[in-house]
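Undergrad: My questions all concern the structure below.
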Amino acid sequence: MKFFNRDKFKQILFILVGCTINSLAINIFLVNANLLSGGVSGIALIVQYLTSIPAGYTTLILNIPLLILSYFKINKSFTFFTIIGTLGSVVTLILTTNMQKFITLKDPLLLSIYGGVLQGIGIGIVFVYNGSTGGLDIITALIKKHKEDINIGTVSFLLNGIIVLIGCFIFGISIALYTLLLMYISSFTLDKTIQIFNRKRLVLIISDKEPEVTRRIMDKVQRGVTLLYGEGAYTKEKRNIIYTIVEISQLPAVKQIVRNEDINAFITVLDVSDVEGLGFKKNLPL
């Protein structure tokens, strides 16, 4: 596998951007109210609150055995990008350790809301680019590999629930409740971030000049085209329907091509929230 081509460089860059945003959320908002996070970072925050050891160091120590397990039990590709995400998280957590001093906000409700939104965006960006911040992601991937029928969402909920219970016993029920609110907001924002980044447009075109339109879409927009068989219900006229999926930024070019080739063409544009396959997102195999 070639890691260092242009696409892989972009993937690594955005994983690091996501890690930075997540670390800023933790050190600016969560730490100011002694809030916890899910997964290994939640454990690291408990250690930080009790001992003043920065969460970045604990995150690294806890992830080392998990990364070793990942290398031998999952696969090298997953482990490579998990190492990138883990190191990115560790370094940015350490570099942003004292960022909380720059804001005066102390309201735990607002801190949990702001922290949840920012954390969801950061982790969402990491996920969009098939990255991982380690910790719980490795544990769930290991479980999924050996128990394919298990519900990963349930596993994540139970593991995070344990962290919240520990926080409840140590820091009190109010911190636990604000942490639950933060986790909910983070999860919601994560889902929305993934939808925004993965949003595409499915274009269906009916044209008398199908060969010209097809050729120009493939040449100019550089997207694959599939021809579907169609038949007019009234005229019984047989013709091909052009089917293609494009980035939102490419849609104006497709419309311009169709207008230039056939002003009478019929175009339908549908919103697509997720696309996987050649030319689009490819999930790393577990």
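Glycine is treated like the rest: Cβ placed from N, Cα and C.
According to TrEMBL, the protein carries these features:
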type	residues	note
TRANSMEM	12-31	transmembrane segment
TRANSMEM	43-66	transmembrane segment
TRANSMEM	78-97	transmembrane segment
TRANSMEM	109-131	transmembrane segment
TRANSMEM	152-185	transmembrane segment
DOMAIN	223-277	domain 'DUF2179'
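For each listed feature, how buried is it and what is near it?
TA: Taking Cβ pairs closer than 8 Å, the transmembrane segment (12-31) reaches residues 37, 41, 45, 48, 55, 81, 84-85, 88-89, 92-93, 95-100, 102-103, 105, 111-112, 114-116, 118-119, 121-129, 131, 133, 182 in its own chain, all 6 or more past its ends.
Within the chain carrying the transmembrane segment (109-131), a Cβ under 8 angstroms from the stretch's Cβ atoms is held by residues 10-11, 14-15, 17-26, 28-30, 32-33, 35, 37, 81-82, 84-85, 178-179, 181-194, 197-198, 281-284, all 6 or more beyond its ends.
Below 8 angstroms of C-beta separation, residues 30, 33-39, 42-43, 46, 49-50, 108-109, 111-113, 115-117, 119-120, 136, 139-140, 143-144 of the same chain, each at least six residues beyond the ends of the transmembrane segment (152-185), sit close to that stretch.
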Undergrad: Short question: which residues 6 or more past the ends of the transmembrane segment (78-97) have a Cβ under 8 Å from it?
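TA: Residues packing against the transmembrane segment (78-97) from afar: 3, 11-12, 15-16, 18-20, 22-24, 26-28, 41, 44, 54-57, 59-60, 63, 67, 70-71, 126, 130-135, 137-138, 141, 284-286.
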Undergrad: Do you know the DSSP helix, strand and coil residue counts for the domain 'DUF2179' (223-277)?
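TA: Helix, strand and coil residues of the domain 'DUF2179' (223-277) number 14 helix, 24 strand, 17 coil.
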